[in-house]
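Take a look at the structure below.
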Amino acid sequence: MTVSPVALRRKTECKPHPTARYWKKCDVEALFGLPFLELVYQAAEVHRQNFNPREIQLSTLLSIKTGGCPEDCAYCPQSAHHNTNLGKEQMMDVDEIVEKAKIAKSRGASRFCMGAAWRGPKPKDVETVSAIIKAVKGLGMETCGTFGMLEEGMAEDLKEAGLDYYNHNLDTDPDRYNDIIHTRRHEDRMDTLGKVRNAGLKVCCGGIVGMNETRAERAGLIASLANLDPQPESVPINRLVKVEGTPLADAEDLDWTEFVRTVSVARITMPQSYVRLSAGRSNMPEAMQAMCFMAGANSIFYGDKLLTTGNPDEDGDRILMEKLNLYPLQFEPEGEVAEVEKASGIKADY
């Protein structure tokens, strides 16, 4: 059965698991309005009911094709519409990508995420990334791809190649979507999410805060994510990285407590999803990150670069995790890869 964009929106009577519900925007905004420590406490309780609170999923994100994107996303330095001095590059060589994945695994990452600056891939691009996915899967890692909007059959091809997750963010509140992006619609995002779900892929879907939105608009973003049916397996929460030359370079700074509130509300409304601290973490003090982990964040991007912007270095993350008595979630490979690891005794070194 085809999953249509409308079918992805959760209905009040549609409850695929006991903790799912339909979230009205006003109800999500009410959560945002709780006293700060009460909200964090509630989120921490929900988190402990669904996850080991000491486990953190480590993912590495690599830009395999950088710059020259035809989309005009106001936050993105890779857009060809913005003067950010970021040139258009060709896709990385397959062997180079696989070598990056090997390094990521040796340093503790269990998931390897690949991004390409496309509006959407061409059929020949899908063939190329499928070969990359197969090679990375052969290392015993989970794979995630973010390649833009997909045409019919592409999600199935990626699934057949071994892709585990497809990232396709909803970016912001649907009501202000075209204030941020003019070259596509919110409905276009929903269409690709429908194709991804129909192919049997897991969904990584989140958004960006700190783009001059109101609290009510942050609530709208979280409600739109929580009402996806089923809810995303991974929810990246990005804090805007302001890049000179983009329309949002002078955006007002988002108060750190408001970011923690966003993480908390995401955890409460999406109790079984991995909530990932994504872009903007390099500007977050350790205490702020610790509060986010308390509030239910249980995944980070690991490595000193996220596509084109900075990220905390690996040594710093190791030290922080040791301070907080956290440890990395290990991905358990299946099939032939699992047998090889079992026989060799080789595991990720963390």
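The backbone N, Cα and C atoms fix where each Cβ goes, and this holds for glycine too.
Keep in mind that what you see is a predicted model, and the values were worked out from it rather than measured.
Swiss-Prot lists CYS113, CYS204, ARG276 as [2Fe-2S] cluster-binding residues, and of the candidates CYS144, CYS292 the one it assigns to that same site is CYS144. Excluding CYS113, CYS144, CYS204, ARG276, which define the [2Fe-2S] cluster site, the same chain contributes SER59, LEU61, ARG111, THR146, TYR165, ASN167, SER234, PRO236 within 8 Å (Cβ to the Cβ centroid), listed in sequence order. On a Cα basis, CYS73 ([4Fe-4S] cluster binding site) lies 21 Å away from ARG276 ([2Fe-2S] cluster binding site). Each of GLU71, ASP72, TYR75, PRO77, GLN78, SER79, HIS81, HIS82, ALA117 belongs to the same chain as CYS69, CYS73, CYS76, is absent from that list, and has a C-beta within 8 angstroms of the C-beta centroid marking the [4Fe-4S] cluster site. Across the domain 'Radical SAM core' (54-278), the model assigns an average pLDDT of 91.
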